[in-house]
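Structure first, commentary second.
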Amino acid sequence: MSLSALHKYRLQYKPVLPKHIADIDNITIEEGAKTQSAVNQKELSELFKHTYGLPICNIVAGKNADIHRVIRCGFILSGGPAAGGHNVVAGLFDGLMKGNKENKLYGFRCGAGGILSNDYIEITAELVDKHRNTGGFDLVGSGRTKIETEEQFATAFKHITALKLNAMVVVGGDDSNTNAALLAEYFAAHGSDCVFVGVPKTIDGDLKNQYIETSFGFDTACKTYSELIGNIQRDAISSRKYWHFIKVMGRSASHIALEAALETQPTYCIISEEVEDKKMTVSQIASEIADIVIERHKKGLNFGVVLIPEGLVEFIPEVKALIKELNNLLAHKKEEYSKITEFSAQKAFVCENISESCAATFKNLPDNIAKQLLLDRDPHGNVNVSAIETESFVSGIVKAEIVKRGIKVPFTPVHHFFGYEGRCAFPSNFDSTYCYALGYTAFILLALKKTGQICCISGLQKPAEEWICGGVPLTIMMNMEQRNGEMKPVIKKALVEIEGKPFKFYQSKRAQWASAEDFVFPGAIQYFGPSEVCDQPTKTLLLEQN
């Protein structure tokens, strides 16, 4: 592999460790009181007989001989890549080597699938050094395989036991860490001493709570998207004739859209959670944006930038109801529907077989969106929401609203989707440092035999030296949700809180940004220079923690 000049410099970057975990000879774990989940306590306690109710683990000053015990540790990188994953591995590896030179680290290839296929590599110092502070998950690859069936759990147990592993780290989002909790329970129930620890990863930012201030990768992804949005905003005020509709990743939550809005001050940003809370209709969304387009036209501002979260359509009550009925219809009448080839006939068939209210919603959708709702199905037969061109949908309904009003306004929409661009960028200094500390924390938790925990670090708005590290039981974050027709234990996703400080701040600025040229241009992620340019966390985190 040929290296760019930046790549060479990033390999040399030395993340700062929080002071209180830097000296492993003088640390131990202080356990808090027993814990419980916020909801579904009875169901979860029955499913996790050996790991439910574990205490929170605080890393404190003290002595613990187990820190130097011999560890054979495995890990997986699970789900979509997020910037900083390689530094989690680097922190874990460095901790293991400091604990005992006899320690071993193995990476299973392509996520949990590598555990099931027994496909792994030994991680060496040379291999780690080639990946420090780099983006992506290419060190061992990632995957979305879940360990769900009894046969799969037995296979995982067989392969992990055969490799004589006594520790496993699962780097992933809510689903992956749910799997980590289930594996911790399975191994404990079968008498294994293998310790399972999770690490919070997701660019979507929806794996957070009172214990986890942010998931890694969110910082880098938001800054990457914000650079691109800023570039487009500069183009908008240069050309002065385009309305840019930009979809950003975030199917289940609008954290990325909100953070990007806080960083760039666009003309308008839709927040899915607000749409759901206000029970906004398609017509109301169109009307709100059309009002802005028309008012800006009166000021000679025939341009603008609108940010849209990827999962918007699932938060619009009438469209959500339509999707549910479409899923049921196309599941139960799949054979009958498959014989219809013309879209007009498909549309008529659908409207005849769903409720009157949903039929009205379906008829009012732009044809390209209606077709996507019918044609794009996921492996479970459901509408593939992430494939819907939401940005085109929004600009389409806005254009229709302007036409309906009979007002002649220049309106030339341009569409963008920023997704994969943010997943594998060189991690920001924040993510590089945060991930290294997460990996080091994972080492401490597994060395001190604290299974069923997920790494957590608090005080992230402060300098890294002052961060406080520890572990929180995975089961404390769980609830029961319906998945594929069955109630399953899952870690609850964190949505944007409309009463939270980040949204309230945006809400206070929204009218000002909509009516004027008030764009901000963040520029590219900076790695060298003043701390206020290079090391600042997201505005979301600063607003939440200050």
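Yeah, the Cβs are placed from backbone N, Cα and C, and that goes for glycine too.
Feature annotation from Swiss-Prot assigns diphosphate binding site to G80. Taken residue by residue with DSSP, G80 (diphosphate binding site) is part of neither helix nor strand, so it is coil. Over all protein chains present, the Cβ of G80 (diphosphate binding site) has 19 other Cβ atoms lying within 10 Å.
Reduced to three states, the DSSP call for D174 (Mg(2+) binding site) is helix. Within the same chain, residues at least 6 positions away in sequence whose Cβ sits under 8 Å from that of D174 (Mg(2+) binding site) are T202, D206, L207, V490, I491, K492, K493. Under the heading Mg(2+) binding site, Swiss-Prot lists D174, citing sequence analysis as support.
According to Swiss-Prot, the site 'Important for catalytic activity and substrate specificity' annotation covers D175, on the basis of sequence analysis. Non-local neighbourhood of D175 (site 'Important for catalytic activity and substrate specificity'): G79, K146, V490, I491, each in the same chain, at least six residues away, with C-beta under 8 Å from its C-beta.
K201 (site 'Important for catalytic activity') carries a strand DSSP state (E or B). What Swiss-Prot lists as site 'Important for catalytic activity' is K201, and the listing cites sequence analysis.
Sequence-distant contacts (6 or more apart, same chain, Cβ under 8 Å) of R423 (substrate binding site) comprise G80, P81, A82, A83, G135, G136, I203, G217, A221. According to Swiss-Prot, the feature substrate binding site maps to T202, I203, D204, K241, Y242, M249, G250, R251, E310, Y420, E421, G422, R423, an assignment based on sequence analysis.
According to Swiss-Prot, the active site, proton acceptor annotation covers D204, on the basis of sequence analysis.
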Sparsest Cβ surroundings (other CB atoms within 10 Å) among the binding-site residues D204, Y242, G250, E310, E421:
E421
What is the interatomic distance between the Cα atoms of G250 (substrate binding site) and K201 (site 'Important for catalytic activity'), given in whole Å?
14
